[in-house]
Number of protein chains: 2
Amino acid sequence: MKVVKFGGSSLASGEQFEKVGRIVSSDPDRRVVVVSAPGKRFDEDIKTTDLLIRLADQVIANEVYEDALQDVVARYAEIVTYLELEEAVLKDIEQKLRERIDTYRHDDDRLMDALKASGENENAKVMAAYLTKTGTPASYVSPDEAGMLVTDEPGNARILPEAYGQLYRLRQRKEVLVIPGFFGYSKENNIVTFPRGGSDITGSIVAAGLEASMYENFTDVDSVYSVNPNLVEHPHEMKEITYREMRELAYSGFGVFHDEALLPVVEKKVPVCIKNTNHPDLPGTMIVAERIPDEVPVQGIASDTGFLSINLTKYLMNREVGFGRHLLEILEGEGISFEHTPSGIDNMSVILREEQLENGKEERILTRIRQELNVEDVNIERNLAMVMVVGEGMARTVGVASKATAALADAGVNIKMINQGSSETSMMFGVDDQHADLAVKSLHQAFFPDK
Amino acid sequence: MKVVKFGGSSLASGEQFEKVGRIVSSDPDRRVVVVSAPGKRFDEDIKTTDLLIRLADQVIANEVYEDALQDVVARYAEIVTYLELEEAVLKDIEQKLRERIDTYRHDDDRLMDALKASGENENAKVMAAYLTKTGTPASYVSPDEAGMLVTDEPGNARILPEAYGQLYRLRQRKEVLVIPGFFGYSKENNIVTFPRGGSDITGSIVAAGLEASMYENFTDVDSVYSVNPNLVEHPHEMKEITYREMRELAYSGFGVFHDEALLPVVEKKVPVCIKNTNHPDLPGTMIVAERIPDEVPVQGIASDTGFLSINLTKYLMNREVGFGRHLLEILEGEGISFEHTPSGIDNMSVILREEQLENGKEERILTRIRQELNVEDVNIERNLAMVMVVGEGMARTVGVASKATAALADAGVNIKMINQGSSETSMMFGVDDQHADLAVKSLHQAFFPDK
């Protein structure tokens, strides 16, 4: 069985629902459908989730919110009308919204979570009704009924291990099941949304729990590209990519699939297919545990900005047992996670995301470093970008580093940092923020020359 | 004033003493002379220090040691006779050796230290006598009299901070002072030898203490070369090099000057000149705090073998605050210092010298890593060499990484690791032990092409 997830743009309008209906009904293996809330119909459109956040904000601020509520209802009305579904479906949506407002008025965080989750929740009901009407018997299954058990902190749900066993029982159901993405229920029976990855993560959890043969993730792109398609004219389409490669790319700036959403399917080794709702016959990109190596070991190039480097200098640092541990302990004391720690014999740097040093942390950390580590110099270098070259087996291939550094040198990009060696799947270059796009373009040109 | 240090080969014979005498007397600024023990006169010769160690071993083993003692005396006899010094000088040497044996018979470690130190100590007396005889009034100054105060652990002397102030008082002396290298005296009045760097470190401490205008270090090479001259036919001679560059190169395998010996002069910013006793008119290599940058930012290439990498893999490792600290804490618990810690998002490696995992440490560390860090995989990769490309300002120069990696790729060397970024002075490549020499040669050819 396949678990099929559709993103917001795949469900933005009645026309899109029709495409989804055809995709689901065309393959009897597509037994579970996970849906997002209706997304943008055109560039300046507002996503349903954002309409719901506005509604929640107005309720919380004790403002008149009737217009905001009707804006939400109108999004569904358009779809329900187009698909010629029963009036009752729409009435139920409006009623549920009013109920949730009444239930959670006393608790701002819970109200926000409950209203945000409504976008997916009501959309799943519409989808189930539509599928059934068009000859594919389908049921809406609430995350509660599905057993989607999560932790209880509002807006920061984490799946609980027992959820997987409960989800597995859904295999017994005969009809197509439609499950809303983006949230679960805590043991305290609260609606709690996921912090990141939205419906992707629900789909991944459901696919893992059901031990699906495949997790199909329908979006609005034909495939995952080897580089940000906004940067390069003819980006290379990836046919097949491993979990590790996808994770490195997602982590380093690829928006197509949130890296945290991969974890459940990785653990159960469920293959993932990224496909386009608008071109469902195209093969898309497969994300798998192992792949047959290409001639070119490089699969993709990504970049992410907003890093800084804390640089320490101390003569004979490398002789001092405990120096590195002490430094990392100071960072840990402020709850800071770091990316890389390049070191020379008298130097050590720690690369981290800039926002991690906010709220006085920077000052406290620098003070402790000066006082406790007795360094000669400590300084902070800002505006760094990390550019990643990703591909399985790169570490075993002679010449990848040479090709990459030559491309950067030819483009006049100064490499401030190289980290290669621990991961067999990636090579990292630290460059100036302002050189990040140039670096990515020149690397893409080097590894995927225009045909 | 200049402090001038002469190594063992510069003092191996009467002829060499004559060269040293001419060097000292030719420059009235050369006011303090630090001497090693007589070194090898020819390839298969035995250094005086090794003769002394043999003598100490025999005394400790309660064997008949008269022959071994006479072998030591004979080395000095040859020099004293050649230089036509008074018989009393030689008599005194023999007497002092016997006295030390008698004094320290009860304590093996102290005996070893005292006899090892005799090589330098007696040579200093011979040098003072020779300089005086040839018209340069000179005095032997024992490290005790000089104020060379060190810690008390046999064979592991560390200079005490108060030594510098005491040494400074020697500036008042008018004659040339000859100080033996390699040892100091502890507050308990024991002779204690330095663990590494021998007479280089004494010279450096004396130069720093006296706030000398220069520390001249006379050896048997014309200059410091940009690469191990045994590997390359026409190595590039360095005219000027910074402390940091010298330290990186010394640390990475350059035998010419021990890195620890640099510390005292670095702190007082005393420039160092490496010169050849046999060609004193050549300029040698200056080691200074700052230098004017060359067109080529690379100054030297070194390599060192015998490293290993502990490689850890854990999904979502980078999200785990405290992972790196915990790993380094486990290593610290076994007293292990590490070289580098390259990391990917789900990987971390720690590079260290192979001998650090001896005596059961490897097993204990791997057990703790598995139990406490809950990693998916941990393995050890052995037989790694670290190849360093060293030069001030490399980090600010576009194309150095590209040139280096291209040279390695062209030579077919697989780069297992790159660490660049923290130090502005070096770039490190991890390669297979067996590729180390090839890597060094190809890098030298790339940065210092044959004219």
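Each residue, glycine too, has its Cβ placed from N, Cα and C.
Automatic prediction, not curation, is the source of TrEMBL annotations.
What TrEMBL says about this protein:
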BINDING   B:Lys5, B:Phe6, B:Gly7, B:Gly8, B:Thr219, B:Asp220, B:Tyr225  ATP binding site
BINDING   B:Thr49, B:Glu120  substrate binding site
DOMAIN    B:389-451  domain 'ACT'
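Annotated features, which come from TrEMBL, shown on the structure.
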residue  : record                 : Cβ contacts under 8 Å, 6 or more apart
B:Lys5   : ATP binding site       : B:Val33, B:Val34, B:Val35, B:Ser36, B:Gly181, B:Ser199, B:Asp200, B:Thr202, B:Gly203, B:Tyr215, B:Glu216, B:Asn217, B:Phe218
B:Phe6   : ATP binding site       : B:Val20, B:Val33, B:Val34, B:Val35, B:Ser36, B:Phe218, B:Thr277
B:Gly7   : ATP binding site       : B:Ser36, B:Gly39, B:Ser199, B:Asp200, B:Asn217, B:Phe218, B:Thr219, B:Asp220, B:Thr277
B:Gly8   : ATP binding site       : B:Ser36, B:Ala37, B:Pro38, B:Gly39, B:Lys40, B:Lys47, B:Thr48, B:Thr49
B:Glu120 : substrate binding site : B:Val35, B:Ser36, B:Ala37, B:Pro180, B:Gly181, B:Phe182, B:Phe183, B:Ser199
B:Tyr225 : ATP binding site       : B:Pro235, B:His236, B:Glu237, B:Met238, B:Gly300
Packing count at B:Thr49 (substrate binding site) (other Cβ atoms within 10 Å of its Cβ): 23
When you look at B:Lys5, B:Phe6, B:Gly7, B:Gly8, B:Thr219, B:Asp220, B:Tyr225, which the record names as binding ATP, what is the longest CA to CA distance in angstrom? 20
Collapsed DSSP category at B:Gly7 (ATP binding site): coil
B:Tyr225 (ATP binding site) falls, by three-state DSSP, under strand
On the three-state reduction of DSSP, what should I expect for B:Asp220 (ATP binding site)? coil
Since the record lists B:Thr219, B:Asp220 as binding-site residues, which of them has the fewest other Cβ atoms within 10 Å of its Cβ? B:Asp220
Which of the three DSSP-derived classes (helix, strand, coil) applies to B:Glu120 (substrate binding site)? helix
In the predicted model, what is the mean pLDDT computed over the domain 'ACT' (B:389-451)? 90
Helix, strand and coil counts within the domain 'ACT' (B:389-451) (DSSP): 29 helix, 13 strand, 21 coil
